[in-house]
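Listed in TrEMBL:
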type     : residues  : note
DOMAIN   : A:100-284 : domain 'ABC transmembrane type-1'
REGION   : A:48-67   : region 'Disordered'
TRANSMEM : A:22-43   : transmembrane segment
TRANSMEM : A:100-124 : transmembrane segment
TRANSMEM : A:144-167 : transmembrane segment
TRANSMEM : A:216-241 : transmembrane segment
TRANSMEM : A:266-284 : transmembrane segment
Amino acid sequence: MTTAAISPGSQTLRRMLANPSVIIGGLLVLAILLMGLLAPVLGTRDPADISPKDRNQPPGYETTVRDNSGAKVPVVYRLGSDTLGRDVYSRIVYGARISLVVGISVAAISIVIGMAIGVLAGYVRWLDGIIMRIMDGLMAIPAILLAIAVVSLFSAGLTSVIIAIVVPEVPRVVRLVRSIVLSIREEPYVEAAITAGTRTPVLLVRHILPNTIAPLIVQGTFIVASAIIVEAILSFLGIGIPPEIPTWGNIMAEGRAVFQLYPHNIFYPGLVLALTVLAVNMLGDGLRDTLDPRFAKRV
Amino acid sequence: MFSYLLRRLLATIPVMLLVAVFVFMLLRLTPGDPAAIIAGDYANDAQIAEIRSKLGLDKPLPVQFMVWLGNMFQGDFGESFFYKKQVGELIAARLEPTLSLSLLTIILTVCIAVPLGTLAAYRQGSWLDRGIMGFSVLGFSLPVFVIGYILIYVFSIQLGWLPVQGYQRISDGVGGWLLRLILPSVALSVIFVAFIARMTRTSVLEVLGEDYIRTARAKGQTESKVLMHHAVRNAAVPIVTVIGLSFAILIGGVVVTESVFNLPGLGLLTVEAVLARDFPTIQAVILLFSFIYVLINLAIDVSYTLLDPRIRY
Amino acid sequence: MEKQNVLEVRNLTVSLPRNADRPNAVENISFTVAPGEIVCVVGESGSGKSVTASAVMGLLPSALNPSAGETLLQGEDTLKASPNRLRDLRGTRMAMIFQEPMTALNPVTRVGDQISEVLEIHTDLSASERRKRAIEIMESVHLPDPEKMVDSFPHQLSGGQRQRIMIAMALVLDPALLIADEPTTALDVTTQAQILKLIKEMQERRGTGVLFITHDFGVVAEIADRIVVMQNGRVVEYGDRDDVLRRPKQPYTQMLMASVPSMTPPDRVPRTGDKAIEVSNLNKIYGRTGWLSKDRIVHAASDVDLFVRKGETLGIVGESGSGKSTVARCIARLIDPTSGSISLHGTDIGTLPQSRLRPHRRKVQIVFQDPYRSLNPRRTIGQSLIEAPVNFGVPVEQARKTARDLMELVGLSGDALERYPHQFSGGQRQRICIARALAVEPEVLIADEAVSALDVSVQAQVLELLDDIRERYDLAMLFITHDLRVAAQICDRLIVMKKGVIVEQGPTKKVYSDPQHEYTRLLLDAAPGRDVTFGSDTAA
């Protein structure tokens, strides 16, 4: 034991950076983030560009197009073209943006809402029963059905898809936060703070809520993964993001009809989608093992 | 026992009521006139007015809710304005493929996942454990429609072993029925096997750390019997719980799988109904699925009393 | 010619994983257990006593490896035995019972089946014969109505009954060696006395050699024939009971013996100061009966009256479920009393709503049992210590200065304020908790089993600290404990509780020498080793 102050946080950070899942998953997620951010400079063309003469071409197809000045320039369809002659490669690269925006905003929104409701349920006794019954009710509706129900309400679009995925995620966050609040408020150090005259809001922020950070980071990562999948499912079913916007689900939906002849329209976006979700899940797994060993046991 | 069952059954009423309120509000929350939405895009004013009075949409909300709920109880789920049929009939016609797919998937999952998870826990830290857990993360990350298309591509298009898509009623021959369900249920079960194997491993590992496992070893019991008689037996409650919870994912998966494999079940009906904005059908399907889910979890709660003598009714 | 020893441990060394705080869990230890003899291995936490027991049984966790020595069970080295051979030996020639009877039995299997499992593994008896044997052995460990109980599940039995089942299971095949790892630590004192008696009876009747692991010197005094004292993985002293307990040779053993509180209360001058706190008609009822629910009502405290004078220590003793902690937590207003008054200088805080209670919280502070959970792991000691004073309006700088002084008062360095709880030992943390309680200059200090989780030597120091600060600040101290030795030494007056009711109260000395209530007598009689005065012959 050294005399220096070793904060529990710095120890966790060191453990985290030594975990292979965190490193590999984290790097992959970073790569996909960069792909989305740098989409215009990654050798892409306008993902909405239609070219009737180049429909349903296999990967590597080369041709020429006329640019604005009318000159012929050679282009390559690295991953082939879809039924409207759009460049699948460009659509996949741009599609990363939608997936990431949906994943991250769903996680952020559901954690903020879930945390607020969860703390209320865990700390205000008379509200607990009511809130938890409502959450039970929401959880009784299978998540994808609930999302489908919500999108069916609004016109298709990014916002409605995000709302649709947030609604079924919230009860899960509420349950997690509530269970942590309920167990931590019994800890002797919290009771000591109560006898120390600490007011309830300070008590929550200082002693109780810090315990939810690690589990929520972990939970948040898994929400990102599942939101990306649900968005892809909704788009694939044709009830998510409007089809003209390039998303992985939309590219696959586009390719469904001609799948037997041109499977690449389904396989490439599917592969990228699976890889993205895998990366996020690996990151989540690693974070769970290092940040929150107790949670690792629970789930 | 009977009073326990009754109590548990009564306890599901508030949950079901909340689901009903939500499903009911669904239509009322939509911007615009519900009657116009139900009637669809090609209805004239007279038709809309007829729907409004038929559904009592001109009455106050609570009254509408009671009327609606009352109709549901009598098995009257309303009429689909898209299919021009009673929703009840529509659902009945679509029940078989969904039930077949779900049942096959569950059987497949439990038979694979529980032994895999137990094995991983027993050989914790070994390459076997790491392999099973690696598969589990992978299975968790592969969306069911991607798996579905890979399977179709390999087994139907390239190898030609199995039919590409479609469904055959069981009454038209068990062989054809099963043949067409193999790929869908394998595709659908991947995520469950991943999920349940992982949870089984966690539960068994937790039990293996318990004092009574040490007691059993101190008696001179063999490792395999320690595992089977003591560990798995005690891990049964959490495993069964997880299987119950995963029905929610199953139902979501059914919707997607039926679309990929073109199985004319309730999932496909849901998607068609959403695309057609056929609200009576959407409401009925959500209500039905939720009700089944709640009942399954009730059954699982009741099964605890058989699995664990500490839980008493 | 002496009979062959049941167990001979020779130069046993068990190594720890590389990153541990010392190279070996136990190092070069040797001792023997003869047939019909009880050998106690005693030591504080981390001494390696349980590792020794597990090594003999071959039940060491995989991270620990025996690296040298041998453990001879009737001449056969169990360290070298194959896994199959070990399984044959377990249950037949050596058996083990554990600390937690609540968790050591499989919760989903009938107790009779768990006993007959041993017979199933090691004998060819038929199912009905196994059942018969199970009932017989249950009868011999004095379980009531074994014919019926054989079909019970563990959760239907009391803690004492479960430990009897464990003993029955261990002894059903008459092993030569019984290893008991803290078998009574989780039990109430009256139950503990019965179990100790049973182990002794079984051992005498069957001639079993017993290796008994414990940290409790009272228990040692009660049952040991010979004693092995361990510290940090080494044997410090080894000898006959009376030699070790009364005439310890090694300084460490002498220190331990001096730390064991005596059952004889010292003379204390009765306190005559003002009443700092007065509690009357305090009730706490848990549970509600409702429609379709079967909750039972528990009267955790009924009509409790008590007062504590300034500078006085009032002890509340009782077994688990006696309501002693409920009373303490009601007084600290961590739970709301169902009815009754708690008066601090004429202000009744018993029924004040939380908002108006806050200014009064300063006056009543509490120190909890578990030092590892009493400090927020994410906050420095300094932050924890100034929290309360700052809440009550003390400027931060002044609070920090007071915190430094308090740290030194409780025997720690003021520099430690910058560190985090995980950098301190259990005893140090308990000192920090005491400093934290003192930071707001309370009038009443509640110590809720505050020394129960500590090793005996640390316990003695913390007790002394508590007594010092009571004297120095003229504190009224409410001392909750299940340990009659501790209570004898620190309390001026004593309240004995049973099932939520006060059954006896009076000056400590009088309660110990002349108990009036039958239950008090039962408790005092059950206290292990009550007639032994530890280290008595060394002082001279």
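Placed from the backbone N, Cα and C atoms, the Cβ positions cover glycine too.
In summary, the transmembrane segment (A:266-284) lies against the transmembrane segment (A:22-43): three or more C-beta pairs, each 6 or more positions apart in sequence, are under 8 Å. Sequence-remote contacts of a segment are chain residues at least 6 beyond its ends whose Cβ falls under 8 Å from one of its Cβ atoms, and for the transmembrane segment (A:144-167) they are 98, 101-102, 105-106, 109-110, 113, 138, 227, 230-231, 233-235, 237, 239-242, 245. Below 8 angstroms of C-beta separation, residues 32-33, 36, 131-132, 135, 158, 161-162, 165-166, 169-182, 185, 200, 204, 208-209, 212, 216, 219-221, 223-225, 227-228, 231, 280 of the same chain, each at least six residues beyond the ends of the transmembrane segment (A:100-124), sit close to that stretch. Under DSSP, residues within the region 'Disordered' (A:48-67) fall into helix, strand and coil as 3 helix, 6 strand, 11 coil.
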